[in-house]
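Participant: Following this message is one structure expressed as structure tokens.
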């Protein structure tokens, strides 16, 4: 805990700032030297400060290219006295996003790693392999320091596996949400060694689908180092992740202890494992893994899962076909009834989804989105009750009009079989696609089928007896318990993400969709009860009342989305950039210039809740798009333009920004190249963070450049984005771009803009920006900085 408090006491550790490049580095070195002095003779400790420069392209956030210069890595190698050929890497990052203390993301992981280094170094037992501890100083700059390490450091070649320690929340349990690629032995290592396991292949498949707008160093080690690993992250309380509230006092000592126990055990296991040295021999195959209520992890090879899944589906299909086809004279009648129930169940699901999404759209249109953000129960009583009521209504109507005077037991039986059929088809399809998450479908086929065979006699008796209901519930206990546990994990991760996923996606539709899916899953084997019991009117009226009352309360605005509660804040995120823009023509003359504070609300509600507190931020100052400029002529720090609607950001006129160290941008040379190409070479010097935006003019195309692997990667929308950052000091940035151009190009061949971002120091906040930030309500987290923007045509 002492390590954590001391790192966060340094303050925000933005890449390039003295806090990150000097104070944090000096603190880490001081602790490592202290640990080295007390280590036993069984170990050798080597320390290296790496300051790499490099560039790479990445398809994250729609695709962009990254360039870094002189950033910092603190690397420690703990190995046996006689040295070691192979190593396991443990990675954390000590930098933070601007204006935040970054306790959970990721100072706590660095504190845990220091403690593990201390523990291992004092042990008299020698390790078989080396453990490399990488304290990386530029992860928040989209994974730059890990790239510098894995592609350039001499120790990187010995690494056979890694553990990456991350955060998507503040404290709680750390979830294994990515492993591999392949290398099933790594998951087995975690299963055997971790003392408090928490892991899910479902989380892995959700994360790797790209639904969550985030990425980790895992990607860099996997894609650029070709090394397999385990990705862990704290996921609890994501509401204050990347905000000023991410302080060390909010992380419970239990959380730190738990993470330390797990990671120490896994690292120790890997550092003494025979498999690490021959990891390439064990690399094939994926793993299905999931924890049971945090008690233990079940893990088995995906190929075994595939066989189990197909066998389970086959048994279910055999049971259904035997049931339908006997007695033979009634086969066609039975088949018709089964398919009618199957179709009706699917229809009820579609009707429910459409109805609940319409409610979500209505709530979004009237400006009441995110009413559940601070009070999660509101989403359940609004969308959950609507989903359950709609499902019951559809089947009640079917029972009354379509299945008039039919035997209730027979209907209950048929609808049970219809649900079994749906789950069996889902199981076969998901297994065929290759999704490891298909194990969920196996639970929903195997347990209900066993239950059905157990209570078969009870099913055929008149009425749903108490004995039948008790036996039925017991049989369904395992899938229901697991599904409730899984849904808790999913909502724990996803609900806070809705407050930082931009103004483009209506969060109510996303959450309502999730709630409908979980309602459909959890109700799938209870639909038959609608047909078994005399009446479901009371249940329907109760659910409808809950829905209507909640909807009225939501529409009235009683549930305010955000909270400034000191113990449990749920702030609204707002980004403010005091910007001065200059647009130059082909002769270098300034044809347009303006200055203002550019304001982006980070969620769907935009700025509507802030206008009453700061009246001048209103709909009259919407941000205009400069059509002729790349990225609308706006100083995006990252290419997240696709996540934000321009109608949901604002440009408040303000005086010019006059940084004490302004950007210097020079065209060094223009060379004619073969095949009608022109090479333009530039030199730039400026602050630690700059964004370069490139748009070839009509008829021109960007063919090569000196960045990444030489092949330009376009962002969404077709413009090119380069993210630049540097450490404390770096030589001026030199780069060139090569364009194929038409013979006549009097209006130029390329528009090129550069934005300089001042994230710390005396240039960070102008007096006007300070004054505006002071007026923001206490339920916001407003992050502000100054920047300049220059557009040139060449």
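Using N, Cα and C of the backbone, Cβ positions are placed for all residues, glycine too.
Because TrEMBL annotations are produced automatically, they should be read as predictions rather than curated entries.
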Participant: When you get a sec, could you say which of 264-286, 540-562, 563-585 is annotated transmembrane segment by TrEMBL?
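Facilitator: It is 540-562 that TrEMBL annotates as transmembrane segment.
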Participant: For the annotation transmembrane segment in TrEMBL, which listed range does it cover: 288-319, 608-639, 640-671, 672-703?
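Facilitator: Here TrEMBL associates transmembrane segment with the stretch 288-319.
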Participant: Could you tell me which of the ranges 215-237, 238-260, 376-398 is annotated in TrEMBL as transmembrane segment?
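Facilitator: Within the set 215-237, 238-260, 376-398, TrEMBL attaches transmembrane segment to 376-398.
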Participant: Would you please say which range out of 180-203, 468-491, 708-731 has the annotation transmembrane segment in TrEMBL?
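Facilitator: My reading of TrEMBL: the transmembrane segment range is 468-491.
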Participant: Can you say which of 511-533, 741-763, 764-786 is given as transmembrane segment in TrEMBL?
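Facilitator: Of 511-533, 741-763, 764-786, TrEMBL gives transmembrane segment for 511-533.
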Participant: Mind looking up the mean pLDDT for the domain 'Endoplasmic reticulum metallopeptidase 1/1-A TM' (335-555) in the predicted model?
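Facilitator: Here the predicted model's pLDDT, averaged over the domain 'Endoplasmic reticulum metallopeptidase 1/1-A TM' (335-555), is 90.
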Participant: Cβ pairs under 8 Å only, please: of the recorded stretches 339-364, 376-398, 418-447, which one is richest in them relative to the transmembrane segment (540-562)?
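Facilitator: By the under-8 Å Cβ criterion, the transmembrane segment (540-562) pairs most with 376-398.
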Participant: Does the transmembrane segment (339-364) make contact with the transmembrane segment (468-491) through 3 or more Cβ pairs under 8 Å, each pair 6 or more apart in sequence?
Facilitator: no
Participant: In the same chain, which residue numbers or ranges, 6 or more beyond the ends of the transmembrane segment (418-447), come under 8 angstroms Cβ to Cβ?
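Facilitator: Same-chain contacts beyond the flanks: 201-202, 204-205, 286-290, 302, 305-306, 308-310, 312-313, 316-317, 319-320, 338, 341-342, 344-346, 475-476, 478-479, 482-483, 486, 521, 524-525, 527-528.
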Participant: With a Cβ cut-off under 8 Å, give me the same-chain residues at least six positions beyond the ends of the transmembrane segment (468-491) that come close to it.
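Facilitator: Long-range Cβ neighbours of the transmembrane segment (468-491): 175, 200, 202-203, 206, 235, 292-293, 376, 440, 443-444, 447-448, 450-452, 454-455, 458-459, 461, 514, 518, 521-522, 525.
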Participant: Which sequence-distant residues neighbour the transmembrane segment (376-398)? Criterion: at least 6 residues beyond either end, Cβ under 8 Å.
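Facilitator: Distal contacts: 344, 347-349, 351-352, 355-356, 359-360, 363, 491, 495, 511-512, 515-516, 519-520, 523, 527, 530-531, 536-537, 539-540, 543-544, 546-547, 550-551, 554, 559.
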